[in-house]
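Written out below as structure tokens is the structure these notes cover.
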Amino acid sequence: MKAIIVLLMVVTSNADRICTGITSSNSPHVVKTATQGEVNVTGVIPLTTTPTKSHFANLKGTKTRGKLCPNCLNCTDLDVALARPMCVGTTPSAKASILHEVRPVTSGCFPIMHDRTKIRQLPNLLRGYENIRLSTQNVINAERAPGGPYRLGTSGSCPNVTSRDGFFATMAWAVPRDNKTATNPLTVEVPYICTKGEDQITVWGFHSDNKTQMKNLYGDSNPQKFTSSANGVTTHYVSQIGGFPNQTEDGGLPQSGRIVVDYMVQKPGKTGTIVYQRGVLLPQKVWCASGRSKVIKGSLPLIGEADCLHAKYGGLNKSKPYYTGEHAKAIGNCPIWVKTPLKLANGTKYRPPAKLLKER
């Protein structure tokens, strides 16, 4: 019987390699993993963005406050907070507020010695409330306050709506009418007059001048003592007589004297007290404030709308869940800050093409 021999032959082409797996090109995508370090993958989805600085904006779906009184033209927030004539208007409610005046300029009404008190904080205190309104009535009758009767002083730098001399609506400058003599400390009680259970912010202060003016106005050229007390907080002051710092930036008419302005916060139903001598600025209209508004440092104007307000970048729309760059306070629907970019691998781990078998 003849044997049948079958020969298996390998037929080769000009190439000496064949591919034994799926062909794959080199991958440019590298991700860091917790267990394997840097790994090449076939595809990624970026999860981070690096914002660029832009205008601040209104927070989407939320009332945003820029200036305390948007319709009060040529008025700083400090003017509005003190109710300077021509700077009294509607203060809209807001869930978010922009702190845009880090150092409010001095009101042109009268030179204020800012560094003696916390008065610079007043606009920001008001900005931190959702609802703020100025009372329609005065908290006390200043003309008949203890130590009076008083006439109410005005300033040519504070023209009112009729272009006559005026003064801040939150305070009454109590100048003795006839009894221009020194006085022992006097006490006035400041009642709570807000009607909706709000915090009551009561503004008060005192005027001081050189010895000649103090004698002419008040009959006493000595330093005067003042104390305020409310909500468990007591503050003491002694007035300065002359030797005031130059405040040419104040604007308005030149003034030989200065005023010191402060405020106290009265909780619902609580009475405050002010102990004073000559030159007192007695409280008049008060701020009634309620709710909370988130505050972020920024700049005006507010342009358009944004998902997020960021202290460094302004208004941001959330295109990615994370961001890199400068880390700062942000409010709203904001991406989360991360130190380095994050990527989501949406492909497979890159495997180089398998080595091809050579012909033996």
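Backbone N, Cα and C atoms are what each Cβ position is placed from, and that goes for glycine too.
Feature list (source: Swiss-Prot):
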- 1-15: signal peptide (SIGNAL)
- Asn40: N-linked glycosylation site (CARBOHYD)
- Asn74: N-linked glycosylation site (CARBOHYD)
- Asn160: N-linked glycosylation site (CARBOHYD)
- Asn179: N-linked glycosylation site (CARBOHYD)
- Asn210: N-linked glycosylation site (CARBOHYD)
- Asn246: N-linked glycosylation site (CARBOHYD)
- Asn317: N-linked glycosylation site (CARBOHYD)
- Asn346: N-linked glycosylation site (CARBOHYD)
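Feature map: Swiss-Prot annotations on the structure.
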| residue | record | CB count, 10 Å |
| --- | --- | --- |
| Asn40 | N-linked glycosylation site | 16 |
| Asn74 | N-linked glycosylation site | 8 |
| Asn160 | N-linked glycosylation site | 15 |
| Asn179 | N-linked glycosylation site | 12 |
| Asn210 | N-linked glycosylation site | 15 |
| Asn317 | N-linked glycosylation site | 16 |
| Asn346 | N-linked glycosylation site | 11 |
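The shortest Cα-Cα distance between Asn317 (N-linked glycosylation site) and any of the glycosylation sites Asn74, Asn160, Asn210, Asn346 is the one to Asn346. Secondary structure from DSSP puts Asn317 (N-linked glycosylation site) in coil. When the Cα of Asn40 (N-linked glycosylation site) is compared against those of the glycosylation sites Asn74, Asn160, Asn179, Asn210, Asn346, the shortest separation belongs to Asn346. Under DSSP, Asn210 (N-linked glycosylation site) is assigned to coil, being neither helix nor strand in the three-state scheme.
Nearest neighbour of Asn179 (N-linked glycosylation site) by Cα distance, taken over the glycosylation sites Asn74, Asn160, Asn210, Asn346: Asn210. Cα to Cα, Asn160 (N-linked glycosylation site) and Asn346 (N-linked glycosylation site) are separated by 68 Å.
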